[in-house]
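Trainee: Take this structure, written in structure tokens, and hold onto it; I'll ask about it next.
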């Protein structure tokens, strides 16, 4: 019994030592595992960050190359004559004023026609289309129209309008551009109105305000910046569209403000002059491309800054 009593402290010390060694080993193993997981995560993070930066650099490289090429080749033709003279015959000096005015007219009319339709349709989807099948079907069809190639819109207007009246016209071009504006404005208006807090609607309804006044005085004001951003993005989209205008407005070598006749426009003039064998026409095409690019870039920057401020 004395030997057993004397051996008990020894066994206790051995167990304590084993427990300490086991705890130390487990702590070291956990630390090594933690360090291994951290190193693996750190490596994966570096790899993905490198891939992301490479993708960003790849996209910016082409963007800056395109802009630089347009500025280098289009800058020599950017002069006062460009904004005062009409498109010239081959071998003569001229400008693009008729194409610039034609583009502004058709884009302006298309925006004026398409914007109210898009805002009203987006308002219905956000404010009245919570139930039933019509709103989901409309959203689906709007997404299809938003992603449809613009040449399909041009062919449609050619079939239902140009072929019926027997000639190209500025009105046909404006109608094609209006159809391109509508889905962009519908999507933006719908999304922006859905972001308006319901508490504002409930507070307005509690005051006895009719729904139409609530939409116009509360919801539109709360979503104003986003809706304007969508309109600006729609204008930026239609500013450089060529395919719809080839089948609707075609072009005109002279200055014309008559929307019932073929009308000059920058996208079609650029398309025609860039494919010509005449160097002076090629220079005007580069100048027109630079103008459209700077216009679209400016509109996108304006829309982005407006959205940030909101």
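Backbone N, Cα and C define each Cβ position, glycine as well.
The transmembrane segment feature in TrEMBL is assigned to 47-72, 96-120, 140-162, 168-186, 222-240, 284-303. Residues annotated as domain 'ABC transmembrane type-1' in TrEMBL: 100-303.
What's the neighbourhood like for these features in this structure?
Mentor: Listed by sequence, the residues of this chain that lie at least six past the ends of the transmembrane segment (47-72) yet keep a Cβ under 8 A from its Cβ atoms are 286, 289-290, 293, 297.
Residues 103, 107, 110-111, 114-115, 118-119, 177, 180-181, 184-185, 187-189, 191-193, 195-197, 200, 267, 292, 295-296, 299-300, 302-304, 306-307, 309-310 of the same chain lie 6+ residues outside the transmembrane segment (222-240) yet bring a C-beta within less than 8 angstroms of a C-beta in it.
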Trainee: Counting only CB pairs under 8 A, let me know which of 140-162, 168-186, 284-303 has the most with the transmembrane segment (96-120).
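Mentor: Stretch with the highest Cβ contact count: 168-186.
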